[in-house]
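Here's the structure we're looking at; comments come further down.
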Amino acid sequence: MEAVLKTRGLLSLPPNPTRARSLLNPSQGLKQRLFASKPLGLNGLSVSYKRVPSVVAKPHGIFPEQSFICKAEAAAAGDGQPMIGETEKKPKFLGIELVTLKKIIPLGLMFFCILFNYTILRDTKDVLVVTAKGSSAEIIPFLKTWVNLPMAVGFMLLYTKLANVLSKKALFYSVIVPFIIFFGAFGFLLYPLSNYIHPEALADKLLAVLGPRFLGPLAILRIWSFCLFYVMAELWGSVVISVLFWGFANQITTVDEAKRFYPLFGLGANVALIFSGRTVKYFSNLRKNLGPGVDGWAISLRGMMSIVVLMGAVICVLYWWVNTFVPLPTRSRKKKEKPKMGTMESLKFLVSSRYIRDLATLVVAYGISINLVEVTWKSKLKAQFPSPNEYSSFMGDFSTGTGIATFIMMLLSQFIFDKYGWGVAATITPTVLLLTGVGFFSLILFGDPFAPTLAKFGMTPLLAAVYVGALQNIFSKSAKYSLFDPCKEMAYIPLDEDTKVKGKAAIDVVCNPLGKSGGALIQQFMILTFGSLANSTPYLGGILMVIVFAWLSAARSLDVQFTALRREEELEKEMERAAVKIPIVSESGSVSPSGSSVDPVAGDSPGSSSETSTRSNI
């Protein structure tokens, strides 16, 4: 319904005919002024004229009997738009509107809890599959390729179907609750029973028949519950962080709010990395205070999984609170109605979009690039720290270092976005990863000549490789969390809802593990071709350069498309704010639609014809 706002005074035309004509001139009329470069700031304003008996000096033959009352109808007045001559004042705290704080603070807390859990899960999954009996770091490429990727694709297909039948709230709870239940069950049920449910005897028989080349694939069968935990932890990063949280954040924030606050989300989130790293280290060191024969890792695991369940419950409570008490932002009213698409139709639609393809290239390129370096580093890490508790303790320190570096990068990221824009911010992460990756591979290839120098500092080449690899991962991940992730999530905001929901599911759930699996496949091929990972290192460095250059090209292409979409959305909003309806109210009270040529003074004078045309064009 339209709320009608009457003007505060009686507006009548001046007695000077020349003055009247100039007021009614289309080039200086109401329509021109409303669509001027500086809009009036009134949404949905409509103006109508109605004949009433004249109460002012009689015009000289122009409008001999009556003058007009100007009545303003604000179509958006019911939505809280300001009246004529007034500016809407919203309460602020520290220069930020309270309605914005009601969104940003809960979102920051949600991100804190989600990344707190992810850090614990990420460190724990590596400890479980790398240090388990009969397994090693060589299991990771096979695990990512033949287990993680198929489960990610299956989840994406299921998520796409659920998105068509469930509300957004029901979809959120339907996805996150099974994760919370599984991690709680693993710590208190599956891991204590692992000696009974793992087919170690069968795996030993198959290994004796097939040979040591199949150690990796057979390890997946041997420790299947640990591998399931690994996959669920990976999906927590792809699903809960990328799809659920960022999808929800994009739903309730505007682009301007995103530019201002998305980088700051990471400040609180990387405080979570620091605290969760300390938490992992604390529980990993519990073994020192336990007696002989006690499974210290089982006790550490139960404590960490209890925290994961508790944080999951907090995430659900925060999501409920935001949906209950925070209003959604006003989007452009121009909506494209799209029919519900099936799974294959959705995939075809996403593949046909250049915008989505460029986003997918960014995600896949990151996955391949980081995986080319990370697996080699983890193999060195296990050689240096073979015990689960020692490995986990080092990963706790690694997470803390990542949190500190990312916190610093987050402080710089807002300056980068404000000063240089989306395009420059999107190219920093691939550049950092390229430089640090080349440095790591160079140390692996040419590290032996540095052994005497390293010995003076109490380090071996192996320990130096572990530290350099850790620094490479810290710098790469800090650039990803502070710049790459905010850039990627901002790119979704201008898209329509259907593309946004299904595009995020396809890109974040499938393309993320696809990139990691692609890197794993490249490593498997290189190892089989050149005999070892060390022999294939120069070729891996060359592949890394090719992938990063493709990444940079996709980022530049996406920058052009994102800027165009952003301008189009802003133009639509400006046009909606300036849209004016001008109904004409006749003497009988009936209203003629806008654009009709009802002449209030037709036939009153010989020159009224041109004036009639002029007034009807206002």
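Residue numbers in this text run from 1 along the chain shown.
Placement of Cβ uses the backbone N, Cα and C atoms for every residue, glycine included.
Note that the structure is a prediction, hence the values are computed from the model and not measured.
Annotated transmembrane segment per TrEMBL: 104-121, 141-159, 171-190, 228-249, 261-280, 301-322, 359-377, 398-417, 423-445, 457-475, 539-558, in sequence order. Marked as region 'Disordered' by TrEMBL: 587-618.
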Interface check, the transmembrane segment (141-159) with the transmembrane segment (228-249), three or more C-beta pairs under 8 A: yes
Stretch-level contact, the transmembrane segment (301-322) and the transmembrane segment (171-190), CB cutoff 8 A, at least 3 pairs: yes
Among the ranges 398-417, 423-445, 457-475, 539-558, the one whose Cβ pairs under 8 Å to the transmembrane segment (261-280) are most numerous: 398-417
Distal contacts, the transmembrane segment (457-475) - CB-CB under 8 A, six or more residues away: 370, 373-374, 376-377, 380-381, 383-384, 398, 401-402, 405, 432, 436-437, 439-440, 443-444, 447-448, 450-451
